[in-house]
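Quick notes on the structure that follows.
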Amino acid sequence: MEWLLEANTAGHKFALMAIAILLFAVVMGGILFAVDRPKRVPTWVVVAGFLGPTLLLLVVGLVYPALSTIRGSFYDKTGDEFIGLDNYARIFTDDGFQRVLLNTALWVVLVPLVTTALGLVYAYLVDRTRFESLAKALVFLPMAISMVGAGVIWRFVYEFRPDQPGVNQIGLLNQLLVLVGIEPQQFLLTAPANTLYLIVVMIWIQAGFAMTVLSAAIKAIPDDVVEAARLDGVGGFQMFRYVTVPSIRPALVVVLTTIAIVTLKVFDVVRTMTGGNFGTSVVANEFYTQAFRQFNFGLGAALAVLLFVLVVPIIAYNVRQLRLSEEIR
Amino acid sequence: MASIEMKNIVKQYGDGFPAVNDVSLDIADGEFMILVGPSGCGKSTLLRMIVGLEDITSGDMVIGGKRVNDLAPRDRNLSMVFQNYALYPHMTVFENIAFPLRLAKMPDDEVRRRVTEASDVLELKEHLERKPANLSGGQRQRVAMGRAIVRQAEAFLFDEPLSNLDAKLRGQMRTEISRLQRRLGITTVYVTHDQTEAMTLGDRVCVLRKGKIQQVASPRELYEQPVNLFVAGFIGSPPMNFLPATPEGDRLKTPFGDIVLDEKRAAAVAGHELLLVGIRPEYFEDASLVDEAKRPVGSTFRARVDVTEWLGDSQYAYIPYDAPDSIKAQLRDLSKELDSEELRTQAIVSIDATSRIREGRDAEFWLDSRKVHVFDPESGDNLTRDAEAGAELTRLATEDRLEHAQEAQGRDSDARGGATAVSVG
């Protein structure tokens, strides 16, 4: 061993080099030989080699925790006692939780619809204009900001200072109100409007995504189809209604469902801006609060499962639509 | 239905490049006009200016007596068939065809009647409820035509409509388009780079080169009396052979022996040093198969045959020849401009399919010298063009068309009777 590690004479060094080269050749030769003769390896070894690591990680990182969470949702606070559907019953009957469910519904309906509509109109309007890239960059920029960052920025926008002499508003929105002579508002404190103000933040973040995807889809509409439509007699709005929108339907579905899924899981915005207080909590935030603040693991697990169950139909719809659009092509 | 008049139409792009340069062209009501030329000659641009998809830099575009330069495409009431069909993928065949009518807010039963009528003509009846994606190329093309004909537009415009189809289907659709146009008697402008389409479909053909009109004439006139080297080389397949020639009295000295010209043509070529003589492949023949009676009107020569191609009904032989460098360079430029790659100076001659001429051997050929054209290599002009004879050919073609149109109209009104009145209103 020592002979291999310490070489003092030139001859010794050369001998080591030769050995190293030989070793390299043997290893490489072995690999090349193995690659060259795949027939000798049984199919199941190849399959296991490719699928094994993925399956292992999926089981450890996804399947096991999911099953464990579902199981936990039928147990009490500490996970010791089986209590059946009590956790779920509580989510659907308790006033506080009903507020949470209602808020989540509001988020999931409003954010995808408004965001997609805004993104679509914006993409259509700036398409092939002179300032297109600049206009798109402006809308796309919020995508680069983390949700926590966006939450902080918008909390400043909504910031409230009492309307007293010598006190200056530091919130953009309230300053504007004061400028036009309206009393400053407690935007984040008054329910149910405060949920809408939070939703605005999410729309601001996601509009860039919607606009980018839809813009690409609009550009993919063949020129001659647009020209044929112009000859057939469509006007500006009819072009949008009868040609543009139907042509990008698959992209619209993808954008709607993707944003819906992201919105269902919304947590950061609510957490940073109101912490889920003042009647603004949503399922993901509540699940975090229950599991890691109140240490009510059973209830937290039940909320997580609920979130999962709500996402499934959206994904199923998405997959179905993708299949359909592939058929059209 | 309307006539289309273009007066000094120019299309200049931002960089000042004139894609269409001072084009004046009158297309009569009901005429089938072909725009043809190698790629980049401006034929598609011209078509798009007629239809309004491209702005006109200067000049007047008059359709049906009305200047339309500033009208939007939809206000020009023209219908167009695109190369890639341009169907709406989300609509059924029925809705695709009905779309222009729906936009015009036509009542439902009228839409249904017209679409059914169009689908009958185009044999699309059993496909009306299918989506374009599930149709074959030929069917899609027919749907595109259906969308064009339901509108009862002033004119049809076709932008290389058959170039995406395979050769067999292209032939079928070509006759279909021709039949349809004759039946409807509607003014048609058809862009193509395929000269078979140009020759078979058009009442008149407009040959364009670098945005300029070279010649507008009936296919026969183009073939028999081309105005210059470019038109002569572009029309005809295999193309016309160009041989270097030097005049000597009433004779032309060529690599294939002397060609005797009649007085008129001899006078026309006098005074030139070096000329190009254009001979179509079919003016040649295997000398051993020529009638004794025909022999004297041409000349015979011996040459080595490089390659022969036997096609069953015809046979081609390739005969290489030598030419001065200036002529070689010019022929190379010409072939490049015509979208082909002529690598060597050789003549392609068409001989009888029964001829036993063999590759690599000398053979005796006969050349019909009555129809050869002589070109000035510098300007490219045809020195021996008989303008009167050419005009006569085009006049005959126009007469044919008008006669045909009258017959078709008589037949149509007989067949449809009262229905015509409804559809016109």
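Counting starts with 1 at the first residue shown.
Yeah, the Cβs are placed from backbone N, Cα and C, and that goes for glycine too.
The annotation transmembrane segment is assigned in TrEMBL to A:14-35, A:44-67, A:105-125, A:137-157, A:196-218, A:239-264, A:297-319. Residues or ranges marked as domain 'ABC transmembrane type-1' by TrEMBL: A:101-316.
Between the transmembrane segment (A:105-125) and the listed ranges A:137-157, A:239-264, A:297-319, the one holding the most Cβ pairs under 8 Å is A:239-264. Long-range neighbours of the transmembrane segment (A:297-319) within the same chain, counting only residues 6 or more positions beyond its ends whose Cβ lies under 8 Å from a Cβ of the stretch, are 66, 69-70, 72-79, 83, 87-88, 90-91, 108, 253-254, 257-258, 260-261, 264-265, 283-284, 286-288, 290-291. Sequence-distant contacts of the transmembrane segment (A:239-264) (same chain, six or more residues past either end, CB-CB distance under 8 Å): 104, 107-108, 111-113, 115-116, 119-120, 124, 202, 206, 209-210, 213-214, 216-218, 220-221, 225-226, 229-230, 283-284, 307, 310-311, 314-315, 317-318, 321-322, 325.
Counting residues 6+ beyond its ends, the transmembrane segment (A:14-35) has Cβ neighbours under 8 Å at 4, 7, 41 in the same chain. Residues 106-107, 110-111, 114-116, 118-120, 122-124, 126-127, 136, 139-143, 145, 147, 150-151, 154, 158, 187-188, 244, 247-248, 250-252, 254-255, 258-259, 262-263, 266, 269-270, 273-274, 280 of the same chain, all 6+ positions outside the transmembrane segment (A:196-218), place their C-beta atoms under 8 angstroms from a C-beta of that stretch.
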